[in-house]
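Taken from TrEMBL as is:
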type     : residues                                                                                        : note
BINDING  : Val26, Asn27, Thr28, Pro29, Thr30, Ser67, Thr68, Glu101, Cys212, Phe213, Gln214, Lys215, Arg282 : NAD(+) binding site
ACT_SITE : Cys212                                                                                          : active site, nucleophile
DOMAIN   : 268-392                                                                                         : domain 'UDP-glucose/GDP-mannose dehydrogenase C-terminal'
Amino acid sequence: MQWKETFFSTEVEKHVSEADIIFVSVNTPTKTRGLGAGKAADLTYWESAARMIADVSKNDKIVVEKSTVPVKTAEAIEKILTHNSKGINYQILSNPEFLAEGTAIQDLFHPDRVLIGGRDTPEGQKAIQTLKEVYAHWVPEDRIICTNLWSAELSKLAANAFLAQRISSVNAMSALCEATGADVTQVSSAVGKDTRIGPKFLNASVGFGGSCFQKDILNLVYICECNGLPEVANYWKQVIKVNDYQKNRFVNRMVASMFNTVSGKKIAVLGFAFKKDTGDTRETPAIDVCKGLLGDNAHLSIYDPQVTQEQIQRDLSMKKFDWDHPTDLQPMSPAGVKQVNVVWDAYEATKDAHGVCILTEWDEFKSLDFKRIYDNMQKPAFVFDGRNVVDEEKLREIGFIVYSIGKPLDAWLKDMPAVA
């Protein structure tokens with residue numbers, strides 16, 4: 001693949017005016033107030049971009065949605081552009097991105113599919129073909145899927161909802177495994193061997209996070225409710241409910257195991273990002289787990305190889321959904337959480353701790369010297385593995401009391417009250 005020219009500029013209006021194709025990738029955060037607050041997507045930035053495009057355009061343009069947007073957003077954008085067209089013709093295409101954090105460049109160059117949606121009119125089909133020719137420079141034609149606008153917009157929400165659903169499904173099964181003595185890794189492995197299901201996204205954990213899954217499911221729920229489909233909305237709500245249940249269950253298990261209180265106890269938190277190989281903390285399960293422990297007056301010592309102290313303090317201080325707005329609209333100086341200490345070494349985090357909880361599956365956590373960690377901890381020493389990355393039997397041989405999600409319970413834990 002050869003690029004003719006790639007450059008960056010802050011002269012947005014100038015280049016929008018000159019462009020034939022405009023990709024709009026602005027943020028679509030969840031609304032925090034007004035109609036649909038807590039579920040609907042806030043399209044303020046999208047509308048602002050559309051009005052700017054209409055103001056500066058001098059020739060016909062193809063406007064491409066890259067942001068994850070509700071179904072029928074293209075229709076609204078089309079109306080804004082048409083009513084401000086000054087004789088200019090616009091074609092709106094939906095071209096959602098399916099890039100994953102940590103592998104974004106690889107996903108761009110070798111995508112599973114490229115989805116392009118447009119109007120079923122001669123002008124719409126011509127616009128689809130134009131964008132298809134751009135991707136055809138490096139993407140095989142059989143991986144470029146062309147649909148109508150609404151199918152393309154809905155496909156992105158559906159893809160994220162299906163992925164999150166798989167995680168919640170295996171996490172729900174993990175609770176049953178603990179109650180029955182089954183091992184969730186063995187169950188998920190057996191299930192994943194079925195070629196109709198496959199093995200991906202079947203790893204039990206403390207819960208899913210990231211900027212997309214919860215936001216997109218809430219958006220999907222709102223769309224279902226607005227279209228008079230309460231049963232469908234309730235189905236997708238349950239995916240988020242199970243995710244919240246898993247995080248609460250993890251915290252409750254920790255507290256119940258440690259004599260039903262963590263007040264005044266040092267708890268080491270290993271990992272804060274929502275997944276390994278990224279510093280992204282948006283909707284990370286670590287936020288809710290840490291807040292749950294802080295609610296019982298625990299003292300937290302947090303280590304993550306890529307997340308800064310400032311970011312952790314900000315995340316633990318912000319209200320829900322504030323993270324999804326531009327930094328200048330977030331609290332500028334969040335009050336530091338006094339019971340939280342952020343360190344840059346796993347051994348420092350665990351020194352004198354009563355318990356260790358692993359919340360991100362960083363590879364380095366698999367090779368830690370747990371004998372050294374055990375020797376420097378308060379006794380009894382607990383490990384709560386929210387990502388199933390450690391060898392629980394080896395840790396038990398060292399002397400740890402170990403809880404791994406969905407695994408047969410340690411004898412110590414069996415004697416503790418059931419976790420709701």
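Each residue, glycine too, has its Cβ placed from N, Cα and C.
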C-beta crowding around Thr68 (NAD(+) binding site), within 10 angstroms: 22
Among Val26, Cys212, which are binding-site residues, the residue with the most C-beta atoms within 10 angstroms of its C-beta: Cys212
Neighbourhood of Thr28 (NAD(+) binding site) by C-beta distance under 8 A, where only residues 6 or more apart in the same chain count: Ala41, Asp42, Leu43, Tyr45, Trp46, Ser67, Thr68, Val69
Neighbourhood of Gln214 (NAD(+) binding site), C-beta criterion under 8 angstroms, separation at least six: Ala164, Phe208, Ile240, Asn243, Glu283
CB contacts for Arg282 (NAD(+) binding site) [other CB atoms within 10 A, all chains]: 18
Largest inter-residue Cα distance among Val26, Asn27, Thr28, Pro29, Thr30, Ser67, Thr68, Glu101, Cys212, Phe213, Gln214, Lys215, Arg282 [record-listed NAD(+) binders, Å]: 20
Cβ-Cβ neighbours of Thr30 (NAD(+) binding site) (radius 10 Å): 21
